[in-house]
Amino acid sequence: MVLLLQLLPLLLLSRAQGSPGASLEGRPGDRVTLYCVGVSQPTRWVWAPSFPACKGLSKGRRRILWTSTSGNPTVSAVQPFVGRLRALGLGIRRLELLLSAGDSGTFICKGHREDESRTVLRVLGDPADCKAPEPTTHESRYLQILIPLLGLGLLLGLGAGILAYGLRRRSSPHPPRPLPRFVPLVETEPQRPIEEEEPKTAGDLDQEPVRTGGEGVGQNP
């Protein structure tokens, strides 16, 4: 029991540091140490991401750090560990990495004789946030090319139809508009009402005086 308690710190330390075939776990923001053990003259570190989609990468190994001709560690400027990965001490036998989402993968230390040691790193949360890229089949590639071409053809056809319609409207003359019809206005005088003559009575007629016979014969004085 006492021996187990004495070995427990060593077990925890080996879990937090890389060793041949070791595995590490951590969260984004943690710092972990990668060890190159069993390699006589390490020359480079290679990373094989478990979830390359998280970093916008494709599958495969990538060289992340190597020793220059002068023996100084050199970090690749095109890899996702810029500013987060550095060598501890002389050489590249020990590396310190500031964890970030998507760093899960296998870190491989290689030597001149192609001997290597591996450390598997698992960043907690990566499986939930990242998905492995789906294999691309011939059908999916065909659809990726066909769908944009169909959309382009539809737009070109629609534009040609609109252009033809506009040219047809410009070329065809418009039918003449009918001239307005004017109706002459005839002024008519209002008819005066016909005045009816009142019938004359017998008293209104001029009658000549009736001459008698004595009035017509002159009397002798």
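Using N, Cα and C of the backbone, Cβ positions are placed for all residues, glycine too.
The compositional bias 'Basic and acidic residues' annotation in TrEMBL covers 189-203.
Note on the domain 'G6b-B extracellular V-set Ig-like' (20-132): its mean pLDDT in the predicted model is 86. What TrEMBL records for 20-132 is domain 'G6b-B extracellular V-set Ig-like'.
What TrEMBL lists as region 'Disordered' is 169-221.
The signal peptide annotation in TrEMBL covers 1-18.
What TrEMBL lists as transmembrane segment is 145-167. Outside the transmembrane segment (145-167) by six or more residues, the chain places nothing with a CB less than 8 A from a CB of the stretch.
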